[in-house]
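The structure appears below as structure tokens.
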Amino acid sequence: MAYDLLKGKKGIIFGALDENSIAWKTAESVHAEGGTFVLSNAPIAMRMGQIKDLAAKTGSQIVPADATSEDDLNALIAKSMEILGGKLDFVLHSIGMSVNVRKGRHYTDEKYDFTAKGWDVSALSFHKVMQSLYKADAMNEWGSIVALTYMAAQRVFPDYNDMADNKAYLESVARSFGYFFGKEKKVRVNTISQSPTPTTAGQGVKGFDGFISYAEKMSPLGNATAQDCADYTVSLFSDLTRKVTMQNLFHDGGFSSTGVSQEVIDYFSK
Ligand code: NAI
């Protein structure tokens with residue numbers, strides 16, 4: 001159901017790789033709510049992904065950018081304002097990748113140049129995106145910037161590896177930059193802490209299938225899907241949440257507040 005919540009709003013959506021991506025669902029929902037946007041992804045992902053289909057479906061243009069490159073980001077932001085005809089109202093950072101996870105390196109056996117690369121892509125890139133937006137004065141007042149995170153930033157999930165540390169950094173950047181963006185430009189900055197979701201990035205985590213089933217049983221409302229996340233993001237981009245900023249917002253069906261569920265007790269009482 002659409003409510004025109006984003007009518008007239010313009011933005012950038014990073015990270016739509018394929019139709020499972022959280023950013024893909026978000027792009028579809030933002031489009032349905034009347035928002036217009038530029039789609040961006042790493043140049044390497046553009047060749048593999050089906051982002052062109054999404055662009056056609058949503059009437060969007062694609063501007064490649066490696067989110068670790070300040071030059072790419074500056075060019076993307078300038079080009080986006082040109083394409084969209086003015087400053088931006090929303091930005092979604094939906095980017096993550098751990099080289100240690102990809103190469104099967106255990107948390108106690110990290111290769112630190114892998115760690116540094118994963119941190120740059122998954123965490124520092126959020127600061128880089130915001131610094132580029134800030135310096136270009138590219139955000140309209142009451143704009144909204146959202147990044148995606150996971151609860152491993154607060155609690156240990158052993159196979160989440162160095163992404164846990166990356167997410168802790170990302171959440172801290174949202175608070176710190178949110179202060180300056182709020183004070184100087186009346187722009188809000190939040191992170192959404194999403195349930196495990198079957199996407200390319202999600203399924204890269206070891207033991208993901210067992211883990212997603214466990215989370216489903218532990219969450220009173222069940223896991224939040226990628227589409228649920230898209231809906232929540234639309235609300236954060238809309239004018240209905242103008243005073244929500246510098247928050248890490250759990251979007252997980254209640255998982256983060258549940259000590260144990262009856263289903264899990266029953267399983268261990270067998
Ligand atoms: P995905 O694999 O569909 O999206 C990750 C995106 O990051 C891809 O589009 C990829 O091309 C992009 N990317 C990687 N390196 C990049 C670079 N250097 N520059 C620009 N883009 C780059 O997976 P998903 O799950 O949609 O991930 C989106 C976000 O959601 C990530 O931040 C992820 O950590 C987060 N998240 C995912 C959860 C899950 O279980 N899938 C749970 C909680 C958070």
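Using the three backbone atoms N, Cα and C, a Cβ is placed for every residue, glycine included.
Pulled from TrEMBL:
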| type | residues | note |
| --- | --- | --- |
| BINDING | GLY15, SER21, ILE22, ILE95, LYS167 | NAD(+) binding site |
| ACT_SITE | TYR150 | active site, proton acceptor |
| ACT_SITE | TYR160 | active site, proton acceptor |
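Where TrEMBL records a feature, it is marked here on the structure.
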| residue | record | CB count, 10 Å |
| --- | --- | --- |
| GLY15 | NAD(+) binding site | 26 |
| SER21 | NAD(+) binding site | 26 |
| ILE22 | NAD(+) binding site | 27 |
| ILE95 | NAD(+) binding site | 25 |
| TYR150 | active site, proton acceptor | 26 |
| TYR160 | active site, proton acceptor | 24 |
| LYS167 | NAD(+) binding site | 25 |
Between ILE95 (NAD(+) binding site) and TYR160 (active site, proton acceptor), find the distance joining the two CA atoms and give it rounded to the nearest Å.
15
In whole Å, note down how far the CA of TYR150 (active site, proton acceptor) lies from the CA of LYS167 (NAD(+) binding site).
7
To the nearest Å, how far is the Cα of SER21 (NAD(+) binding site) from the Cα of TYR150 (active site, proton acceptor)?
15
Which whole-number value in Å describes the distance between the Cα atoms of TYR150 (active site, proton acceptor) and ILE22 (NAD(+) binding site)?
13
TYR160 (active site, proton acceptor): secondary structure state under DSSP, collapsed to three categories:
helix
